[in-house]
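Feature annotations, reproduced from TrEMBL:
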type: BINDING; residues: Gly10, Ile11, Asp12, Gly13, Ser14, Gly15, Lys16, Ser17; note: ATP binding site
type: DOMAIN; residues: 8-194; note: domain 'Thymidylate kinase-like'
Amino acid sequence: MPGKLITFEGIDGSGKSTMLSLLKENKDLKKPDDGIVFTREPTQNTLTGKAVYAAIENDVDPMAELFLFMADHAAHISETVRPNLSAGKIVISDRYSDSRCAYQGATLDKIIPNALDFIKNIHVGWTIVPDLTFLFDLTPEDSVERCKNRGEKTKFEKIEFLTQVRENFMTIAKTEPGRFVILDAKRPAEENEKIIVEKILSIL
Ligand SMILES: Nc1ncnc2c1ncn2[C@@H]1O[C@H](COP(=O)(O)OP(=O)(O)O)[C@@H](O)[C@H]1O
Ligand SMILES: Cc1cn([C@H]2C[C@H](O)[C@@H](COP(=O)(O)OP(=O)(O)O)O2)c(=O)[nH]c1=O
């Protein structure tokens, strides 16, 4: 693929959206024909994205929920990720496959054996693996504290659940150290921004 795919991952409230807003304004990344496309999962205002949000606002069977997220991922790849990478663009996604492995790896834990590996495996052969992934690491306690001030809550914003999700993210990062940059999400956003911009420029 001629372009580059960069993903941002981490538990709720770890600062991904804040960082992406900073990056959109970052002068060093704003060269005239860089062609950066910002996107996200779950996708917004799409049939599959709406199905995902309906599922996470309700009690849906966890396996059914996984496959709704998978359907949204497939649509995201075919409609946004692949066409832009083929056109040589840099695609930056707020959440991507690792969120599925980490979150649904936790919702499906004790329901199916080796949930995290199962989810990883159902991506193989058709997904597009990111060139680079920034993982914002935050304690679940800090996450819940930060999310307190946000309007809508998801069923995922609970300390015990987020502890497992955080562990899953770390497990995935350890198996692919070349792809991951782990950031301390408690540091000032501007400090992390510097690290991120340097790293992105180094792979272009
Ligand atoms: N580096 C940081 N230090 C302290 N607070 C932060 C930092 N980054 C983001 N926040 C705050 O934490 C909250 C959640 O951030 P947000 O970017 O929405 O997280 P996410 O997109 O990962 O869910 C917001 O109130 C935001 O202002
Ligand atoms: C992409 C994805 C998100 N999620 C979860 C993470 C969030 O709690 C929720 C909604 O995602 P999002 O709207 O990105 O929430 P936030 O802005 O708090 O990061 O869906 C999964 O469980 N699996 C997935 O594959």
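Each Cβ is built from the backbone N, Cα and C atoms, and glycine gets one as well.
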My understanding is the cutoff is Cβ-Cβ under 8 Å with a sequence separation of 6 or more in the same chain; which residues meet that for Ile11 (ATP binding site)?
Phe136, Leu138, Pro140, Ser143, Leu162, Val165, Arg166, Phe169
Binding-site residues compared (Ser14, Ser17) - highest count of Cβ atoms within 10 Å:
Ser14
ATP site shell beyond Gly10, Ile11, Asp12, Gly13, Ser14, Gly15, Lys16, Ser17, criterion: Cβ within 8 Å of Cβ centroid:
Phe136, Leu138, Ser143, Arg146, Ala185
Just to confirm: which same-chain residues, 6+ apart in sequence, have a Cβ under 8 Å from the Cβ of Lys16 (ATP binding site)?
Phe8, Glu9, Gly10, Asp94, Arg95, Phe136
Among the binding-site residues Gly10, Asp12, Ser14, Gly15, name every one whose Cβ is found under 6 angstroms from ligand 2, counting any of its atoms.
Asp12
With DSSP assignments reduced to helix, strand and coil, which class does Ser17 (ATP binding site) get?
helix
Give me the non-local Cβ neighbours of Gly13 (ATP binding site): same chain, 6+ apart in sequence, Cβ-Cβ under 8 Å, ordered along the sequence.
Leu138, Asp142, Ser143, Val144, Arg146, Cys147, Arg150, Glu157
Among all chains shown, work out which of the binding-site residues Gly10, Gly15 has the most CB atoms within 10 A of its CB.
Gly10
I want to verify one value. Collapsing DSSP to three states, which class is Gly10 (ATP binding site)?
strand
